[in-house]
Amino acid sequence: MQKKSDDPYERLLLLHLQHYGFLSDNSSGIPIKREWEGIQDSTASDMINSSSPSESSDSNLEEEQEESKPCSNFFSLNKALRTRQLVFDFDGERPIPRLRDPLDLFTIPSTSCPFQGVRWPIECDVICDKIQHIEWDPSEPETFYQPTGNEQTPMPVGEVRGNTVYCIDPATKASSFTYSRVGGSRGPIKSATSCANNQKEPTLAFESRFECGNLQKAVQVGQYDYGLTLRTDLYTTKHTQWFYFRVRNMREGVTYRFTIINLMKSSSLYGAGMCPLLYSEKTAWLKGEGWKRTGSSIRYYRNNIEQDGKALYSLTWTLEFPYDGDTCYLAHCYPYTYSKLQHYLREVISDPVRAAYCKLRVLCRSLAGNAVYVLTITAPSSSLAERKAKRAVVVTARVHPGETNGSWMMQGFLEFLLSDLPDAHLLRETFIFKVIPMLNPDGVVVGNYRCSLAGRDLNRNYRSMLRDSFPCIWYTRNMVKRLLAEREVVVYCDFHGHSRKNNVFMYGCNERKDASQCLQERVFPLMMSKNAKDKFSFRSCKFKMHKSKEGTGRIVMWRLGIRNSYTMESTFGGSTLGDRKGTHFSTLDLKSMGYCFCDTLLDFCDPDPAKMTRCLEELGVLLKQEIRRKLGREVDSLENLSDIDIESSTSGSNSTESDGLPVHLLNVTNQGKKKLLRSRKERNRLRQGRVQSAGKTDASKPYSCQTLNATTQHGDTEDQS
């Protein structure tokens, strides 16, 4: 039995814990104040004065384990100091005080405290259906679509010749984000289905008012032909690439055509054989099969519509649904919702084995109030010196909400790192991992492709001081700054998706000032290509730092002092390498890149320099070959070459489309200034000046209001207007 304490507070706390089932006996592991043998107060003060400085700033970096030691000094110190704010670590027999971890400002998810509901902007209608998909990977890789040359290119016909069967509010219904609530708008959900003409044949029933969905309008232009309009990123008129919506009321054996009419990129992987994705609930139930590549007659082309003076593009494809009356989903890439992330994190913290070395905290709240989670993963340290010797690795994902492949790579990374594999154990013993699996939860929830609810690309605002407008980015950068003040960060990597290039590759930062380090940043990507030969393309990696990309996480972290700072880009399509050439990536393929990242990290930090030396030698040869190909001359030394000589443009995204102030501040600056009304005295003074300049009167004679009024009435000075 637990020995009763004389302290009334301790007795109350004990009863409280017992009442809620957190404490039943001594095996509970919750320390309660005990009576210990007496000790001099001077002994306690001597121990504190001789101990190492408090590591309160490091308390969030790894999972702290309270070790029960048969040492009465520890408890007598607490009693002598009369404080519960200090806890003690032991380096041998020597107690080292540190501040107790502060209570979290936000709720920490746990089995006894469920995750907070998903918050939506108040103007968003949200259906109550719980959308869930099974994870499944095909037994054989799915091949690219091979064009026949006979693909049709239907042009948009508008609502005059078509029948609108689905329509929701546009992204610009509100000019900027105001506030949010769980479940979105208040009151009953408005119907989004309409039918202008009576149809003998049943029409498809569309829906997208759920997490990550973004279909705005569906127009039936033929019996089985539908024109689709995607909703742009919320509070913007740009960024239509990602799509995800539900379809019901279909017929089996009928060929349907879908044409998305408002895509904004001039080129796409759909032109290189990429296929859309289809999920059938009946197929999942009957066969246990999930997302599949689908479609024929696939074509990506420019249509006859313009928006803001820019041409729009269409994606068209045909398909047959497998069952009558099924519920199906169509998507650009494998969806990965905010709720799915919460479900996965709940599993992690509910497992006592993984929870021993994985601490989950809330880094901050997004604009809508959704939690931005950060995981600290490391093995418990046996001593203070061992803890301080660990280097750090920072990994983030999903700053662009439509790049769901980044979340699948992140899940693979976490699955490997939290597993019981020997390599995973070695990684946890060697490093402290700071992981932010979803940087832009608001954008993910509402189905944006690129922006947050500020209407801006977060990956262009890592330098911004606007904490309230870009909280997820501001707190991430601040966390890394504090981490760098305590220990070396060996690698930073942000997981992304790419819409124009196949394979997986990296963007890095080139060291231009130190020629001896010009190859160092290329070693990690080269090792990745060796560990994933049929998926990772080193030749697609770029290391230029464009001025327009100065606000990206990769460059900002590099300027903070992280030499190996990267974004890892995974295609939406598939591979053009090795045995996987011409095949799509599955979710297992994407997760395998997370496994590969962990393997490469061990190779990169191997104490044996042999791998590093071989890679540097190979890089020197490859770089000279590339320069010879581009410049047409031999190069003996790499020291006098700039990155302009070495590589061309990264052909990345156009960052200017979503740069600038947050939308709500932009609207304030665009408001017209009110015209200031002048007083009568000011108007009279101005009128007097005009009279004098006209030379109709004696300039030396002062004019009074009475004289001025008289001359005005006689029309001698100026016209009435």
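Cβ coordinates are placed from backbone N, Cα and C, and glycine is handled just like the others.
Values in this document were obtained by computation on a predicted structure and should not be read as measured data.
Record note: Swiss-Prot gives H400, E403 as Zn(2+)-binding, and the candidate from H239, H332, H496, H546 in that site is H496.
In the shown protein chains, 27 other C-beta atoms lie within 10 A of the C-beta of E403 (Zn(2+) binding site).
Across the structure, H400 (Zn(2+) binding site) and E569 (active site, proton donor/acceptor) are spaced 12 Å apart at their Cα atoms. When the Cα atoms are compared, H496 (Zn(2+) binding site) and E569 (active site, proton donor/acceptor) turn out to be 5 Å apart.
Here E403 (Zn(2+) binding site) is positioned 10 angstrom away from E569 (active site, proton donor/acceptor), judged by their C-alpha atoms. Here the domain 'Peptidase M14' (334-605) has a mean pLDDT of 95 out of 100. Using a 10 Å radius centred on the Cβ of H496 (Zn(2+) binding site) and all shown protein chains, the other Cβ atoms total 25. Look at the recorded positions H400, E569 and count other Cβ atoms within 10 Å of each Cβ; E569 has the fewest.
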